[in-house]
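Database features (TrEMBL):
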- H192, H337, H341: Zn(2+) binding site (BINDING)
- 1-17: compositional bias 'Polar residues' (COMPBIAS)
- 1-26: region 'Disordered' (REGION)
- 174-196: transmembrane segment (TRANSMEM)
- 208-227: transmembrane segment (TRANSMEM)
- 239-257: transmembrane segment (TRANSMEM)
- 269-288: transmembrane segment (TRANSMEM)
- 300-318: transmembrane segment (TRANSMEM)
- 339-361: transmembrane segment (TRANSMEM)
Amino acid sequence: MEVQSAMDQSSAHTEFPTNLRERRSNVDCAVRDSDSNQGMSKYVPDSISSGAQRLKREVNKRYELVKFQALPEHLKDNEYIFKHYRADWPIREALGSIFTIHNETLNIWTHLSGFFVFMGLTIYTAMKMPSYGEIPGMMHHLPNFQQLRWQSVTDELTNMVAPQPQKPISRWPFFVFLSGAMFCLLSSSICHLLYCHSQRMANLLLKLDYIGIAYLIAASFYPPVYYTFMCNPTLRNTYLIGITCLGLCTIAVSLMPMFQTHQFRPFRAILFASMGISGIVPCVHKLLLHWGEPAAQTTFYLEMTMGALYGLGAVIYATRVPERWKPGHFDIAGHSHQLFHVLVVAGALTHYRAGLLYLKWRDEQGCEAM
């Protein structure tokens, strides 16, 4: 028994080193495998991480404001504005940029705020427009109009809702003008907000912008032509058809691809200015027919003021002043396109004032003013 026990102990002592060596061998293999795997794991994540970092840098750089030299060719419109451009931005980021500072911020808001102004004027004017049989019952509301801050406009609106004839004249020409103003201002705002997305988007929105300009110019003719020649349907329809055809021709030209190129900037200004200048013909005709009528003279002066504002805007747009004089100094605020926008809104508001006078004149006198 003792001998057997000794042999078992000896066998146990001999097995332990053997098992230990096997375990050490297994550990060494595991370590080598681990080192190999770690080396591979170090290599793969490093390459992925490096690529991800490069992609992140590219994405961040892509959505940053860039300089003129970094722009794609279709966005290089004004070499006198050096910085703060957006280029190839996704729709979501472009929409969000309406509340950030870049060189299009004021271009967007000058016309977007004008759109909201005209939308408010349209709603208010529509609410105060009289219909047949409503005039006597609306008289007691007149004193409330004095609470409005824009006194000169509300004076005219007060007269609009209290005409002498029992049946008021047609208002649709006035609303044609208001719709043209809103469409032009809104399409311009959308264009300046989103045209940085892609070349395809830019081409589409520029066409929409030019259509809006032509629409506003043509629509501006409707109130003066309709109410001036209201009692002469032949002259009235001739002028309205003529300006409508001229507007459609201008839109057709503006849809041509070459019309949107930067080289055609002066041509665009001349085309739209010529379309507006053609309005001198019915204005002078109006004076010849109604020289002794105070409303005819006042509206003529307002229309000349409107034309001067539009004309000055076209000159500034074509010549690109003041940034031409000091390149890089008007990147954010004060460059030509922003001034052009302000003058367009001012001209449209001046024409709105003239439209109120036309309505007052015809509501009070009808065709007796002839």
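Please read every residue number as a count from 1 along the shown chain.
Cβ atoms are placed via backbone N, Cα and C, with glycine included.
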What is the total of other Cβ atoms whose distance to the Cβ of H192 (Zn(2+) binding site) is within 10 Å?
24
Using a Cβ-Cβ cut-off of under 8 Å, list the residues of the same chain that are 6+ residues beyond the ends of the transmembrane segment (174-196) and lie near it.
75, 85-89, 91, 94-95, 97-98, 104, 107-109, 111-112, 114-115, 118-119, 121-122, 125-126, 202, 205-206, 208-209, 211-213, 215-220, 222-223, 341, 344-345, 348, 351-352, 355, 358-359
Using an 8 Å cut-off from the Cβ centroid of H192, H337, H341, can you name the remaining same-chain residues around the Zn(2+) site, in sequence order?
E104, L106, N107, I108, T110, H111, S188, Q338, F340
Around H337 (Zn(2+) binding site), which residues of its chain at least 6 apart sit with Cβ under 8 Å of its Cβ?
N78, N107, Y317
Under a criterion of Cβ-Cβ distance under 8 Å and sequence separation of at least 6, what residues of the same chain contact H341 (Zn(2+) binding site)?
L106, N107, T110, H111, G114, S188, G313
Counting only pairs 6 or more apart in sequence, are there at least 3 Cβ pairs under 8 Å between the transmembrane segment (339-361) and the transmembrane segment (208-227)?
yes
Distal contacts, the transmembrane segment (239-257) - CB-CB under 8 A, six or more residues away:
203, 207, 210-211, 213-215, 217-218, 221-222, 225-226, 229, 268, 271-272, 275, 278-279, 282
